[in-house]
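Colleague: Shown below is the structure under consideration.
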């Protein structure tokens with residue numbers, strides 16, 4: 001055996017194998033491939049035993065080296081996270097210290113009350129945990145002490161607490177838990193039905209097809225764009241932007257390169273920037289494309305009210321808009337493909353009742369960090385399942401605010417853009433639906449854009465997306481009831497579109513998993529079954545991740561992060577429903593038919609240089625008058641989010657209490673969910689600012 005292990009085979013000594021461990025990237029397959037050396041069994045020799053054994057030894061050593069490298073990398077990553085957390089705590093910068101970090105429209109008083117409630121709940125849970133640990137040490141977890149037979153103040157107090165818990169707290173808590181479970185099951189059934197609808201669409205190959213393939217439909221005659229210019233309808237392209245210094249060039253360039261007759265489309269760059277330097281850069285970019293022969297205009301409002309809705313409304317009031325049949329909207333970070341109009345506008349031909357054609361979003365930075373990966377999962381499900389199913393079966397869905405083509409007649413018939421909510425896109429979609437207009441969703445037409453890379457930006461976006469629908473529901477509920485659409489469409493709008501998907505979802509997510517579940521740990525007489533805590537949420541997460549199969553490794557972080565975001569969504573839903581926060585009240589300013597801004601550019605001129613010299617100083621002087629003391633650009637910071645941090649400690653405390661009740665699944669869920677809240681509370685997800 002010693003001779004065999006030493007490589008002294010019967011046919012002679014084996015060839016020594018040298019493996020340099022300094023190169024951990026060296027493939028194991030290279031070692032295994034080199035086994036068939038002269039004299040080895042693979043080569044027909046009998047002296048390969050010793051050599052093969054030695055190679056196996058070295059391969060095992062190489063694998064161990066690789067494993068050690070991976071462990072070192074994991075340890076390094078853990079140390080980096082710990083160092084970032086330590087810096088965050090040492091800096092002491094919280095979301096309450098900086099008003100700019102709070103979501104727009106969030107009431108400071110509401111935020112303070114909500115945070116106070118969470119802190120009080122946390123202190124109470126810590127106290128109850130201490131009491132339960134002391135009682136567990138006395139053995140009272142196995143035998144409930146008799147109130148009449150106990151001796152000692154603590155024993156009497158604990159026996160009284162058990163009685164109050166059993167007779168007064170448990171029934172009410174169990175009722176709330178059962179109610180939330182019912183809502184959870186209803187929402188899960190809705191999600192399952194949407195997935196089945198998407199599966200049916202895939203199996204049947206259902207998708208909108210233009211009735212006519214000529215002209216803009218991409219038919220044989222569409223290759224020669226200029227020759228068939230008469231068949232291409234007039235299209236107005238709008239790019240609303242505000243201080244979009246980073247992306248204005250790519251969005252304007254992508255729109256100006258659209259494959260459409262230049263005489264048949266006009267680009268409006270709607271600049272609401274309050275920074276004079278940014279406005280000058282955008283204006284210069286517009287003039288550059290004007291010199292290239294593109295029909296493009298630059299608009300800058302003097303009175304910037306109504307945010308995006310006000311900007312779009314002002315642009316639609318221009319007198320030349322009456323010459324156009326369709327309007328396309330692209331946000332400043334969107335980059336449409338050259339054939340975007342050819343693949344969307346033809347769907348209107350022969351469908352006079354179609355008011356909107358919506359394209360899908362794709363994301364250029366979906367793999368930037370964990371936050372963008374999780375956002376990609378959510379939005380892939382939104383477009384692939386929700387939008388597609390609602391478009392095919394109901395001809396209605398929420399307009400996404402960009403990458404969509406509107407029939408101008410439908411916009412005007414629905415009342416145009418309104419500044420009454422923070423979700424002007426959903427507002428116009430609901431009003432158009434009440435007027436009887438149909439929507440088409442084109443899943444195979446994609447438009448690239450960017451995802452928020454920092455948690456602060458994502459938090460603000462989600463707050464607006466979940467407060468606005470509740471505002472809109474309050475404003476249009478009576479209009480829905482009085483409208484002439486069918487009963488089923490009214491039911492879909494009220495109960496599915498608004499209540500179930502915009503109100504019930506954030507309500508039960510936060511209440512059930514962040515409040516009721518921890519409470520059941522301290523009041524164990526009220527129970528939440530394991531299938532509610534683990535199995536059904538895992539199944540729903542699996543369904544959500546199916547449209548983005550490459551994101552399957554992130555299914556657990558996705559489930560935990562969605563529950564973490566329920567705090568922001570719940571707070572936003574309450575703010576919008578009860579109109580909390582002064583920023584929600586937008587003043588509606590009516591506009592005249594023709595804009596009178598001094599720096600509004602007219603149609604394309606032959607001498608753009610004179611136009612630039614004459615208008616740029618006016619823009620600078622206007623900016624100086626409006627903002628005489630312009631602050632320098634604020635630096636970005638990572639900060640501590642107090643509500644998320646308080647909830648993390650609450651859930652971790654409840655996880656510790658679940659160990660006393662020997663509830664394994666509940667313990668692991670609370671532990672991982674508490675860690676998830678801790679990571680988000682310390683702003684360790686998303687962009688890290690050094």
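If you go along the chain as it appears here, the first residue is 1 and each next one adds 1.
Even glycines carry a Cβ here, placed using N, Cα and C.
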Colleague: So which range, 465-485, 528-548, 549-569, gets flagged transmembrane segment in Swiss-Prot?
Modeller: 528-548
Colleague: Taking 607-637, 638-668 as the choices, which stretch does Swiss-Prot tie to region 'Disordered'?
Modeller: 607-637
Colleague: What range among 145-165, 166-186, 187-207 does Swiss-Prot describe as transmembrane segment?
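Modeller: Of 145-165, 166-186, 187-207, Swiss-Prot gives transmembrane segment for 166-186.
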Colleague: Can you say which of 440-460, 503-523 is given as transmembrane segment in Swiss-Prot?
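Modeller: My reading of Swiss-Prot: the transmembrane segment range is 503-523.
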Colleague: Quick one: sort out which of 120-140, 225-245, 246-266 is the transmembrane segment according to Swiss-Prot.
Modeller: 120-140
Colleague: Considering only the recorded positions 272, 331, 333, which residue has the minimal Cα-Cα separation from residue 425 (active site)?
Modeller: 331
Colleague: Looking only at the recorded stretches 120-140, 503-523, 528-548, which one has the largest tally of CB-CB distances under 8 Å to the transmembrane segment (166-186)?
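Modeller: The stretch with the most close Cβ contacts to the transmembrane segment (166-186) is 503-523.
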Colleague: Provide, as an integer number of angstrom, the distance between the C-alpha atoms of residue 333 (substrate binding site) and residue 272 (active site).
Modeller: 15
Colleague: So which of 120-140, 640-659, 665-685 has the most C-beta pairs under 8 Å when paired with the transmembrane segment (503-523)?
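Modeller: The stretch with the most close Cβ contacts to the transmembrane segment (503-523) is 640-659.
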Colleague: Would you say the transmembrane segment (528-548) and the transmembrane segment (665-685) are touching, if the rule is that at least three C-beta pairs must lie under 8 angstroms and be 6 or more residues apart?
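Modeller: Touching, yes - the transmembrane segment (665-685) and the transmembrane segment (528-548) meet the threshold of 3 or more Cβ pairs under 8 Å.
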Colleague: Can you tell me which parts of the same chain pack against the transmembrane segment (120-140), counting only residues 6+ beyond its ends and a CB-CB cutoff under 8 A?
Modeller: 154-155, 158, 161, 515, 518, 522, 646, 649-650, 653-654, 656-657, 660
Colleague: Within its own chain, what residues at least 6 apart in sequence put their Cβ under 8 Å from the Cβ of residue 331 (substrate binding site), listed in sequence order?
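Modeller: Expected: 239, 240, 241, 251, 401, 402, 449.
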Colleague: Applying a 10 Å Cβ distance cut-off over all chains shown, what neighbour count does residue 333 (substrate binding site) have?
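Modeller: Its Cβ has 19 other Cβ atoms within 10 Å.
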Colleague: Under 8 Å Cβ to Cβ from residue 272 (active site), same chain, six or more residues apart: give me those in sequence order, or none if nothing qualifies.
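Modeller: Expected: 240, 241, 242, 300, 301, 304, 307, 311.
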